[in-house]
Amino acid sequence: MTPTPSPSLSSQPQTERLKVRLAGYPRKHNEGRIELFYKGEWGTICDDDFSISNANVLCRQLGFVSATGWTHSAKYGKGQGKIWLDNVLCNGGEKSIEFCKSRGWGNSDCTHDEDAGVVCKDERIPGFVDSNVIDAHVDENKVEEVRLRPVVAMAKKRLPITEGVVEVKYKDGWAQICDVGWTIKNTHVICGMLGFPHERKVNKNFYKGHLSSLPLGSANGATCVLHRRHQLFFVSRTWALFPPTVAEKLLKPRRECQGGRGRVGGAEKQWVKTECAVVADSGQPASSAGAWLLVATSLQIRIVGGRSNYEGRVEVQVGSKWGTVCSTGWTTKEAMVVCRQLGLGYSMHAITETWYWDSSNVTEMVMSGVKCTGNEMALSQCQHHKTVSCQKAAAKFSAGVICSETASDLVLNAPLVEQTVYIEDRPLHMLYCAAEEDCLSKSAAKANWPYGHRRLLRFSSQIHNIGRADFKPKAGRHSWVWHACHGHYHSMDIFTHYDLLSANGTKVAEGHKASFCLEDTDCQEGVSKRYECANFGDQGITVGCWDLYRHDIDCQWIDITDVKPGNYIMQVVINPNHEVAESDFTNNAMKCNCKYDGHRIWFHNCHIGDAFSEEAERRFEKYPGQNNQIS
């Protein structure tokens, strides 16, 4: 994130109507990355200072009545070309985004990793003329949907489909891939796009009799059961990290394979010149005997016994039998992988006791010690015991999940941290309550109470929920902890980590805030508060609202009494243990460069993003920051 400049009106409206479109993948017709057509070129909008007011203006330009949300960090993929607008500030009533305040056309310091998107209410403005809505151009060489088309009778009966001809979505139908130059690496990429962790070699001669009667470019046939839009988007980002050397070309009538550039699931590669003998001289499609066959393998899973299709006990198929999963160590991370593999969205809860769900004939435990990072596409990709070993092997302690199509998404207001940071030397006699809650470093226990002081690095934290579901604590009201010092209940033991890191990532100081109370401090226009820290009702953060922890409240600090002068990185991580499901965990961390001379501290380049992402590290360039005196 970058500091917001003094707003100025953007360029004057063009004589012709500004063209706006929704682009990106995956998306529905009423959502996507925002792209603007200006000076003969399509470009994007940076997410810095983006708000629901901006989204409302853009959705109306697109012919929708209003916006229900907005997205950041290129949720719908990274755009290309110019970033036309940055630090856009609308009041929500403008007729066009060009009337909102911004840095000006083409004036931006963002990258396409920060492209903004909108989610519009699926209701059209009566009589709206779509003259300014341009369908996003789809690169004909960009492969975004793939499937396996079964050609053997046995494969057609089996679900999920794990073997068949590789077909890609092309224009209005499906087309096959030329097998000239195809390697096992290509197969590995396709398997990954479909959610399978492994591939298996196949004897093509066995299938030739079936392939000879299969027409090219056919649009019918069974789509792979694991083909889920939100899964493919995730895979395209993950598998792009392993770009293979691929020689391919979509088969087209009356054309040969040619050179060029293209993608498979986001992995760019150079085509090689090939002569594909798949188009007959008559101009009619020849047989597809040259099409490549693919067999993928994956551990099949299912959920059973729940009240709906979105919840139940997790069962895994090993060989020909189904079995349960040990719930020891079962967390939201593992549950997220299960929901993702089944195409059921996100995990609301990881269940460790499933006795209250309907029982089945499955009683044997076949998997234990499951440990996932939360990013895997299938449960078989997670670590687990080779031999089942479970402390609670009874069926009632098997693992379960409750999935949901929507989830919350928390993000910290990074500029506010940079603007509010300061150092305070606080007398010990004012820190008894903080000491009780373990908010001070260990050396405080040896201090000469009540004399002396502690040096505290203080700042404000404003945590926004920009997701599509409320953020609610995992624990029920019955397990909330009463804190007499603060006079209210705390619903989460660990909600945020505050850390001061050395250049090599070692912690030199940390915040020890014992627990947190979650509430809606304020909300965007049109959104009502639902949660508060009073001793009644529920706690949480509503979609479109934020929870503000002011710099002057107890424990909103890092105790730096023992820290020596030097250059450090200050890091804040929200929901660090992933106790509550979110649609995006990569924006839960914030880093700031900081310089401490023993008396003053400077913060600069506070940036939202994955705590260890390359994009975050690229932004830690030196420039004069804010000079904060000791209070």
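Yeah, the Cβs are placed from backbone N, Cα and C, and that goes for glycine too.
Any TrEMBL annotation is an automated prediction that lacks curation.
Database features (TrEMBL):
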DISULFID  C46-C110  disulfide bond
DISULFID  C59-C120  disulfide bond
DISULFID  C90-C100  disulfide bond
DISULFID  C372-C382  disulfide bond
DOMAIN    20-121  domain 'SRCR'
DOMAIN    146-196  domain 'SRCR'
DOMAIN    301-404  domain 'SRCR'
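Taking the disulfide-bonded residues C59, C382 in turn, the residue surrounded by the fewest other Cβ atoms inside 10 Å of its Cβ turns out to be C382. Look at the domain 'SRCR' (301-404): DSSP puts its residues at 16 helix, 36 strand, 52 coil. Counting in whole angstrom, C59 (disulfide bond) lies 16 from C46 (disulfide bond) by their C-alpha atoms. Across the domain 'SRCR' (20-121), the model assigns an average pLDDT of 90.
Separation of the C-alpha atoms of C382 (disulfide bond) and C120 (disulfide bond): 36 Å, rounded to the nearest whole number. For C90 (disulfide bond), the nearest of the disulfide-bonded residues C46, C110, C120 in terms of C-alpha separation is C46. For C110 (disulfide bond), the nearest neighbour among the disulfide-bonded residues C100, C120, C372, judged by Cα separation, is C100. For C120 (disulfide bond), the Cβ neighbour count at a 10 Å cut-off comes to 26, with all displayed protein chains included. Between the disulfide-bonded residues C46, C372, the minimum number of other C-beta atoms within 10 Å of a residue's C-beta occurs at C372.
When the Cα atoms are compared, C372 (disulfide bond) and C120 (disulfide bond) turn out to be 34 Å apart.
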